[in-house]
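K.L.:
What Swiss-Prot records for C68, C73, C79, S308 is [4Fe-4S] cluster 1 binding site, and it gives sequence analysis as the kind of evidence. The feature domain 'Radical SAM core' is assigned by Swiss-Prot to 80-297, with sequence analysis given as support. If you look up Swiss-Prot, you'll see C94, C98, C101 marked as [4Fe-4S] cluster 2 binding site.
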Amino acid sequence: MSKPIQIERGVKYRDADKMALIPVRTVVTERQELLRKPEWMKIKLPADSSRIQGIKAAMRKNGLHSVCEEASCPNLAECFNHGTATFMILGAICTRRCPFCDVAHGRPLTPDANEPEKLAQTIHDMGLRYVVITSVDRDDLRDGGAQHFADCISAIRRKNPHIRIETLVPDFRGRMDRALEILTATPPDVFNHNLENVPRVYRQVRPGANYEWSLKLLENFKNAHPDITTKSGLMVGLGETNAEIVEVMRDLRRHGVTMLTLGQYLQPSRHHLPVQRYVSPDEFDEMKAEAMAMGFTHAACGPFVRSSYHADLQAKGIEVK
């Protein structure tokens, strides 16, 4: 029996070390077992990377993090090249250890009290008009990090009065009422929380999370703020069926959600959950048609779609795929 990993505060645990801490074991994928990527999943990188390096430098200078880098998003080059980024607050170490996600797990450091002001200044310097703020899960905090979200929203608006803010929040497990009460004073323009996948595979995909709890979070926020858009998204290719995806879409509509994102899951490393299927662009188009027929005001459905992918265009109702 191998010796358990001693988790040290502030240390990032990734790949095999992270997966060793998950109660639901994942099997290392051998190279010959990997599904071959279809042509539509191949990305052409931009020739000029100066804008990309500029954004990375701005992040490093102010001690900030982007989910684009921490989660190894396939759209990083495209988004950074267009001068957009999704900021990740509350550090870069997550208290959860989901086997689909490339964000590091461990014992996080105390939140940086100066982060709200540094974030607001960076956004001002970048000249952004629409920004997405997300975070790692912080189960170690009594409010799940809600007050830090509120402080960031307030600081951003003070420095950038004309900006629109979308928050992509964790599930605030065991702290929903407290978290939503805190956010009532400074709500975002768009409230996003991802279901990630269908309930049948939750134990494998999101250990520690609960499908019904996440739906309730979205519904409770909407009930408290009926004029604010709520949004959610799923990754596909983790063993779910198209019929199950459609049923999740119905659940989201029943809980007041009007914006949807569907994108292809990509395995960050061979230690993570393997891709079980690649969903074709035609299938994504069919899912988008289903979503619009259900009453979603906007549905971004495509292989490279992520919840914050061209989020400004999504909020304007412009097609993204």
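Heads up, the Cβ atoms here are built off N, Cα and C, so glycines get one too.
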K.L.:
Between 0 and 100, where does the mean pLDDT of the domain 'Radical SAM core' (80-297) sit?
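P.N.:
For the domain 'Radical SAM core' (80-297), the model's average pLDDT rounds to 93.
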K.L.:
Show, in sequence order, which residues other than C94, C98, C101 on the same chain lie with their Cβ within 8 Å of the centre of the Cβ atoms of the [4Fe-4S] cluster 2 site.
P.N.:
R96, R97, F100, D102, V103, H105, V136, D137
K.L.:
If I take the Cα of S308 ([4Fe-4S] cluster 1 binding site) as reference, which of the binding-site residues C94, C98, C101 has the closest Cα?
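P.N.:
Comparing Cα positions, the closest of these binding-site residues turns out to be C101.
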K.L.:
Let me know the DSSP-derived helix, strand or coil state of C94 ([4Fe-4S] cluster 2 binding site), please.
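P.N.:
In the DSSP reduction, C94 ([4Fe-4S] cluster 2 binding site) maps to strand.
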K.L.:
Check each residue in the chain of C94 ([4Fe-4S] cluster 2 binding site) that is at least six apart in sequence and keep those whose C-beta is under 8 Å from its C-beta; list them in sequence order.
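P.N.:
C101, V103, A104, H105, G106, P108, V136, D137 - these are the non-local Cβ neighbours of C94 ([4Fe-4S] cluster 2 binding site), listed in sequence order.
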K.L.:
Around C101 ([4Fe-4S] cluster 2 binding site), how many other C-beta atoms are within 10 angstroms of its C-beta?
P.N.:
23
